[in-house]
Amino acid sequence: MKTRDMNRDWIATAATLNAALPYLQRYDDAIVVIKLGGHAMGSDEAMESFARDVVLLRQVGVNPVVVHGGGPMINAMLKKLDIQSEFVNGKRVTDVATVEVVEMVLSGVVNKRIVQEINRQGGKAVGLSGKDANLMICDQTNPDLGFVGTPTEMNPDLLRNLFAHDIIPVIAPLGAGREGETFNVNGDTAAGAIAAALKADRLLLLTDVSGVKNGEGEVLTELKAGQIREMIADGTIAGGMIPKTETALDALDNGVRAVVILDGRVDNAVLLELYTEHGAGSLIRRD
């Protein structure tokens with residue numbers, strides 16, 4: 001005869017699921033674009049946790065899109081191949097040799113690692129880059145920087161077709177040039193452009209910081225676009241947070257409902273953000 005021990009852990013689990021119900025209903029059939037930064041990928045355990053979160057999103061009716069970076073992995077491969085990098089105003093020049101390494105690492109290593117882990121956790125993921133089906137057509141950002149591109153034309157129909165078949169797109173931030181070039185695209189920029197093209201309900205920028213901070217170093221849990229602009233102007237937002245918040249502003253201006261900057265190294269960060277009252281990072285909305 002079986003017996004049941006209604007211990008506190010089980011009761012807490014049931015209470016958590018019950019509390020999540022309004023959020024499960026809110027995000028049913030929603031499009032959520034998730035940018036997974038190279039520094040947020042961390043260990044195999046962190047990757048497994050992230051993949052489980054993404055699979056769960058799809059299981060409860062969300063249409064997730066993963067856009068990934070890979071800067072640390074690219075740097076390691078360039079060093080291994082003894083390819084020297086030039087910099088202009090602190091930005092790497094992406095020459096022919098470098099863009100070949102970038103594509104090899106992003107599409108051939110990082111992308112497939114994420115795809116494989118999502119599939120191992122029970123999802124159906126497909127690896128793409130912005131070159132596939134002309135998803136992301138780019139113009140050269142600055143001739144001095146070489147093969148660095150800015151998305152100028154988006155074709156997201158392929159992604160919608162994948163949603164219809166419960167497939168999770170995992171996208172490397174590479175764009176197609178109009179003359180057959182391959183362009184390296186900033187990962188945040190690529191994620192923002194894809195989210196805007198899909199009119200996503202959420203753009204989640206997973207990084208290695210806990211969110212946008214005020215002058216006292218405290219994480220701000222919710223901000224309006226105007227506040228972000230003021231904080232950039234007065235220097236409160238500085239350094240690497242500037243391009244992330246600028247991506248957020250561009251995405252909001254182009255139809256994304258809200259953007260969140262959060263620490264992707266935290267276990268279940270995506271679930272905490274979407275399915276709990278207080279979220280997990282800095283939520284940015286339109287004014």
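Using N, Cα and C of the backbone, Cβ positions are placed for all residues, glycine too.
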Please pick, from Arg26, Arg92, Arg160, Arg229, the residue that Swiss-Prot records in the substrate site together with Gly70, Gly71, Asn184.
Arg92
Whole-number Å only: compute the distance from the Cα of Asn184 (substrate binding site) to the Cα of Lys244 (site 'Transition state stabilizer').
17
Of Lys35, Arg92, Lys244 (the recorded positions), the residue whose Cβ has the fewest other Cβ atoms within 10 Å:
Arg92
Got a sec? Which of these binding-site residues, Gly70, Gly71, has the most Cβ atoms within 10 Å?
Gly70
At the Cα level, what's the spacing in Å between Arg92 (substrate binding site) and Lys35 (site 'Transition state stabilizer'), rounded?
21
What is the Cβ neighbour count of Asn184 (substrate binding site) at a 10 Å cut-off, with all protein chains included?
26
How far apart, in Å, are the two Cα atoms that lie farthest from each other among Gly70, Gly71, Arg92, Asn184, the residues recorded as binding substrate?
14
